[in-house]
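Pulled from TrEMBL, these are the features on record:
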- A:Ser149: active site, charge relay system (ACT_SITE)
- A:Asp225: active site, charge relay system (ACT_SITE)
- A:His258: active site, charge relay system (ACT_SITE)
Protein chains: 2
Amino acid sequence: METLSSNRSFGGIQSVHRHASAETGTDMAFSVFLPPQAIAGEKRPVVWYLSGLTCTHANVTEKGEYRRVCAELGLIFVAPDTSPRGESVPDDPDGAYDFGLGAGFYVDATEAPFAANYRMRSYVERELPGLIAGHFPADMGAQAIMGHSMGGHGALTIGLRNPAAYRSISAFAPIASPMRCPWGEKALGGYLGPDRARWRDYDATALIEDGARVDALLVDQGEADAFLETQLKPELLAEACDRAGIPLTLRMQPGYDHSYYFISTFMEDHLRWHARRLG
Amino acid sequence: METLSSNRSFGGIQSVHRHASAETGTDMAFSVFLPPQAIAGEKRPVVWYLSGLTCTHANVTEKGEYRRVCAELGLIFVAPDTSPRGESVPDDPDGAYDFGLGAGFYVDATEAPFAANYRMRSYVERELPGLIAGHFPADMGAQAIMGHSMGGHGALTIGLRNPAAYRSISAFAPIASPMRCPWGEKALGGYLGPDRARWRDYDATALIEDGARVDALLVDQGEADAFLETQLKPELLAEACDRAGIPLTLRMQPGYDHSYYFISTFMEDHLRWHARRLG
């Protein structure tokens with residue numbers, strides 16, 4: 001693991017690292033914020049943040065405004081990339097922003113030519129946690145997961161599939177049901193093929209319909225979000241949670257859009273919500 | 001004045017605007033954060049933030065983490081660009097980062113070919129305040145000024161020259177004495193010519209030696225800042241303040257560098273310091 005940068009911030013250290021991923025077959029970059037308590041030697045809980053379409057680790061690292069609260073609460077904050085990258089990695093044939101590079105959708109692809117590299121599910125669920133456990137003072141028994149848009153979908157599905165691993169789950173403007181929106185239909189079809197039964201493992205509402213259960217979910221959604229009605233559809237998640245008896249706190253935020261101006265506003269609420277559940 | 005973007009954030013509105021500047025002869029962009037109190041119709045104090053070399057309004061707008069505290073305290077936050085820009089604007093002959101585009105040094109240039117466009121002193125001191133007063137619910141009787149690096153130099157010199165206009169002044173890692181560092185000697189020589197007597201209006205320590213007085217100054221400086229000894233030299237400002245009897249709070253911050261990871265950490269302290277003086 002190579003350290004690309006390391007900067008003191010809010011009494012902790014914000015760093016960026018690169019490693020050769022066995023899952024993706026590429027170099028992968030990620031960022032880590034260590035709070036002062038971790039620098040002082042304590043093992044601290046880990047909050048995973050999964051980013052949206054077109055993003056790398058850098059977007060939330062620069063614009064997410066999480067360090068002040070993580071420093072106060074003693075939370076380690078890890079932000080992975082959103083896809084494998086490199087000259088050899090197959091991309092959307094038209095170079096579209098919503099498939100291929102920057103758009104891994106947190107799946108393990110089964111279809112050629114994507115199956116070799118697009119293994120973001122296994123990368124986020126297994127490989128990167130192993131690397132974090134080995135290199136940082138992380139309490140891997142206390143993990144939370146959150147994300148934005150495509151990364152909100154990632155956080156919900158990874159959390160719902162692994163309730164023993166993640167004590168709490170939240171999302172900003174998640175793609176609530178990729179099986180029922182254009183972004184998701186394109187991505188799941190492209191990575192997993194046309195059999196929609198195989199998509200259900202990557203759809204938060206389908207996972208809940210199929211029996212997945214968690215103690216609680218927190219979702220913030222801007223009412224002025226341009227993708228709200230066509231792509232995000234939080235009402236589908238609300239209906240599934242309602243039927244399954246999963247307590248969902250869905251906060252519709254008037255005037256807020258899909259940007260980091262929205263995310264940074266409510267980041268503190270999410271981190272405090274996770275910290276209460278991480279103990 | 002054209003509005004390029006407008007985003008709800010922390011209960012306020014972060015916007016970016018463009019206008020045709022009479023001073024620079026170019027279009028100029030700037031960002032404004034209106035706190036909730038201003039949106040509700042109150043006239044609120046204005047904090048000016050001047051950015052460093054290579055920056056535009058966007059750097060602090062994205063990475064400065066000022067909106068939460070400005071929303072709480074009811075402060076309007078304005079971030080201008082650092083130079084005129086455009087195909088017709090003369091740049092450093094070698095395209096260097098420390099002169100020309102992105103490096104206006106907050107002076108009114110007198111030398112050809114820069115004198116026509118490089119009028120950032122008059123732009124920040126007069127033209128942009130007029131525009132802000134005309135378009136936003138700003139209490140122009142309650143202004144503060146702050147900045148980073150080259151913008152720290154700008155905030156100190158503009159504040160020292162106009163103590164009636166700015167009730168408080170602070171800086172992150174300012175160029176304390178441009179007459180006595182390579183960045184400043186290149187810039188002041190290029191914009192103002194070889195007569196160093198004409199540089200003194202643009203050097204905080206020289207202004208103090210020549211009689212400028214303010215009630216207080218706040219400066220934060222990272223001890224791990226790569227530019228500390230060669231370019232920034234806060235000890236020169238400390239000596240000038242000491243001789244003049246100006247109370248300078250100079251905080252040396254162990255481990256912090258020159259980046260926005262440093263600035264964002266101490267932004268809250270500066271904003272609260274200004275708010276106390278703005279009443």
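Glycine residues also receive a Cβ, built from the backbone N, Cα and C atoms like all the rest.
All TrEMBL annotations are machine predictions without curation.
Most buried of the active-site residues A:Ser149, A:Asp225, A:His258, judged by other Cβ atoms within 10 Å, is A:Ser149. Between the C-alpha atoms of A:His258 (active site, charge relay system) and A:Asp225 (active site, charge relay system), the distance comes to 5 Å. The two recorded residues, A:Ser149 (active site, charge relay system) and A:Asp225 (active site, charge relay system), have Cα atoms 11 Å apart.
According to DSSP, A:Ser149 (active site, charge relay system) is assigned to coil rather than to any helix or strand.
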